[in-house]
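Taken from TrEMBL as is:
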DOMAIN    5-146  domain 'Cupin type-1'
BINDING   Asn41, His46, Glu51  oxalate binding site
BINDING   His44, His46, Glu51, His92  Mn(2+) binding site
Amino acid sequence: MGNTSNAVGSAVTPVTVEELPGLNTLGISMARIDFAPQGINPPHTHPRATEILTVMEGRILVGFVTSNPQNRLITKELQKGDVFVFPEGLIHFQKNVGNGYAVAIAALSSQNPGVITIANAIFGSNPDIAGDILAKAFQVDINLVYQIQSKF
């Protein structure tokens, strides 16, 4: 089991071409996601892969957001044995909604799917995205932006 003692309560163990060179040219990869109770795999995207998630243990709320202009949220609560698909490039997330630990296996349609965790990319970029840009984009006070950036 991965170490879920972190701010989000999850651990992702990838198996991509970086970890297993034999995947080169095969167009597939996997990841194991371990969740503490109420842990999340925060909103993220895979720019080069569709993801198929299978719940191995526990109850997991999954969701993704369709593209502009609808930005429609699609969610479903999954149980052991259930499967869900996240389309390539769309922002998606998972949350353990059970009382115990949960485990899921993700299969991805690329040996190098990439991952962009939304909060990390926006608030933890190096160098920082200018506070006034984020304040305007999120329609919040610039001090709130600085407070959030300090966590990343």
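We count from 1, first residue shown onward.
Glycine is no exception: its Cβ is also placed from the backbone N, Cα and C atoms.
What you see is a predicted model, and the numbers here were worked out from it, not measured in a lab.
Annotated features taken from TrEMBL, shown on the structure.
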residue	record	contacts (Cβ under 8 Å, 6+ apart)
Asn41	oxalate binding site	Val8, Ser10, Val12, Ile33, Phe35, Phe93, Gln94, Lys95
His44	Mn(2+) binding site	Ile91, His92, Phe93, Val115, Ile116, Thr117, Ile118
His46	oxalate binding site	Phe86, Glu88, Gly89, Leu108, Ser110, Pro113, Gly114, Val115, Ile116
Glu51	oxalate binding site	Val85, Phe86, His92, Ala106, Ala107, Leu108, Ser109, Pro113
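One way to see the shell of the oxalate site is to take the Cβ centroid of Asn41, His46, Glu51; the remaining same-chain residues with a Cβ within 8 Å of it are Ala31, His44, Thr45, Ala49, Leu53, Phe86, His92, Ala106, Leu108, Pro113, Val115. With DSSP classes pooled into helix, strand and coil, the tally for the domain 'Cupin type-1' (5-146) is 22 helix, 58 strand, 62 coil.
One way to see the shell of the Mn(2+) site is to take the Cβ centroid of His44, His46, Glu51, His92; the remaining same-chain residues with a Cβ within 8 Å of it are Thr45, Ala49, Phe64, Phe86, Leu90, Ile91, Ala106, Pro113, Val115. The Cβ of His92 (Mn(2+) binding site) has 23 neighbouring Cβ atoms from other residues within 10 Å, across all protein chains displayed. Across all of the domain 'Cupin type-1' (5-146), the predicted model scores a mean pLDDT of 97.
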